[in-house]
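As structure tokens, the structure follows; a few thoughts come after it.
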């Protein structure tokens, strides 16, 4: 069976399998921390947790990919759609969730009083923030469902699970979403830079925004641009499929790294993770990267 596998697929399949394991463990830890910690009750914490769940679902599709590649062999595209429907849902909702979190950060920084009022009705605010991610996800998956193909045989992988032109729609829409994410986070960064001056407690905020934009550029933007280019510039369909699979390297690394990034830059999650594993938590807690409005010395200060 292995002798029949295209050689370029073997290393990337094993790499994605490792990413899926790391993502499953790491994002599950993030989700468990959310349910264990009572202070993780803001809309931002909900969106972070949903993003972790989406990344986990997305990468779990690599278990199916490796199973079919090394053992079971190709199956119909329609079967692939059903097997990877949870992964396609995670893939479709992740980008819009990142944009929603960027808007949340922007509101907390630019309009702290309005943000505080919105957070006073967290359920309504969260539903408003999730409206676009849900609509975007439903649209792409319904489009894929309508165009599923029971005759075409494929090795099941996320790009191939999205039928017809739904994957191209995902890439074109994703490119616009990624541009929006970069703009929103960059404007927020500039605003915080003017507010903070040399304040040490907001350096964590700058670092959080910087990491987010880097992951967007190296992850989502790279995969969408490379997918669009391969679809329109490469004629051989097998080569297109291999290029689309390799295009996800940066994105998969980003999806698997949530726990490491939040542990490094977010004191709340770092403390929660240490408590989960029975480790001591330092008494001195540095500013976190989660968002809430607070008032200090008569001035409104937004903390992330």
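Using N, Cα and C of the backbone, Cβ positions are placed for all residues, glycine too.
As written in TrEMBL, here are the features:
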type     : residues : note
TRANSMEM : 12-35    : transmembrane segment
DOMAIN   : 26-262   : domain 'G-protein coupled receptors family 1 profile'
TRANSMEM : 47-69    : transmembrane segment
TRANSMEM : 81-103   : transmembrane segment
TRANSMEM : 123-142  : transmembrane segment
TRANSMEM : 175-192  : transmembrane segment
TRANSMEM : 204-223  : transmembrane segment
TRANSMEM : 243-265  : transmembrane segment
The transmembrane segment (243-265) and the transmembrane segment (123-142) contact flag, 3+ Cβ pairs under 8 angstroms: no
Mean predicted confidence [pLDDT] for the domain 'G-protein coupled receptors family 1 profile' (26-262): 85
